[in-house]
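Annotated features in TrEMBL:
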DOMAIN    1-441  domain 'Major facilitator superfamily (MFS) profile'
TRANSMEM  47-64  transmembrane segment
TRANSMEM  71-91  transmembrane segment
TRANSMEM  132-151  transmembrane segment
TRANSMEM  163-184  transmembrane segment
TRANSMEM  258-276  transmembrane segment
TRANSMEM  283-302  transmembrane segment
TRANSMEM  308-333  transmembrane segment
């Protein structure tokens, strides 16, 4: 029997590789001296992976509901490996852009598949905590690993024209390791297998099962989109933000990025504990409000703060720490709110909207960086995080609402007792007119 820790690593290795490969573009444009990319090509190198990720999420999420989580995870690893190898050996700017799109397709599938598999593998109602632990391993580890590898190679004197290829090469090694590990250890959860049996018996289609969840889908997709605009817009450009106006070598900026990723890990460790104490919705509200306030301070006082390096660095760490909370909850809520038969589809659509936001944020925040409008980046971040809190406010918060009689794992426990997931869902749909009840209290 495979140890649960090994299974967890096999599930999370794809997300770790994803965060590593996304972080790579933060540094590649500086080291790829053998390329002569235009500003537009540099922007597309950063945003191309997100375009591929949107396609991967839309395709791989629903596909995993059909072929199974294990097969989907292995397929994602294969595609990611191909894209990482093509990135490593790219012979031109446009080839690198194409390679990033391929990598993005594989990476995009990781979000709905890994989160759904983690939530379904939970034997208790702690699916959100499991997803938070997945996020800690992937986001915390991957985002810190990339600047660490880059810094070590830089100070070791690796030539720039080889250094950027080795950054992608390490990503290829991670992808290959994940593929082997998944092939040997992963399997579909009992919940997923039971849901497929029920689906075969009652022949429900995806649209009819997902239709009652359109309002929660708006909430999970909208929040994830607004979050990713800032998450990826900032993290694709913070090496340049730290480098702006500084006479220190570029390696110092890389080290600053590594320290920000390392010092935000405590907030990622705290997130699973918070999710056992208060609801996912409230954790998300805390994160959005904290991020909006921190970005507002960084925007309005950017000039004076940049002169006080320690204070600027500290505020940026506080901002990233708050930012990690909606990062966890956007994934956790999307993985828990939908029943197993359409969980990959619901999570995939939500994640795809997130990567649409990431594409927008990466491209336009890079444009602002190219024009040296750093304060405007933080101001935009404050506005987007304020908007991200909107689904939670007012009299009818859409993120709280779910289908009557069906709430994540509670729904699945009722389904298990009845022995028929589809029957419960059909009976529930017939009572739809009776109203909505709160998902998270």
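Glycine residues also receive a Cβ, built from the backbone N, Cα and C atoms like all the rest.
Mean pLDDT for the domain 'Major facilitator superfamily (MFS) profile' (1-441) in this predicted model: 76. Relative to the transmembrane segment (308-333), the listed stretch 283-302 leads the set 132-151, 163-184, 258-276, 283-302 in CB pairs under 8 A. Only sequence-distant pairs (6 or more apart) were considered; of these, fewer than three Cβ pairs between the transmembrane segment (132-151) and the transmembrane segment (283-302) are under 8 A, so the stretches are not in contact. A contact between the transmembrane segment (163-184) and the transmembrane segment (71-91) is present, since 3 or more of their C-beta pairs, 6 or more residues apart, lie under 8 Å. Packing against the transmembrane segment (47-64) from elsewhere in the chain are residues 21-22, 25, 71-73, 75-76, 79, 83, 97-98, 100-113, 116, 206, 232, 344-349, 351-352, 355-356, 358-359, 362-363, 366: each is 6 or more residues past its ends and has a CB under 8 Å from a CB in it.
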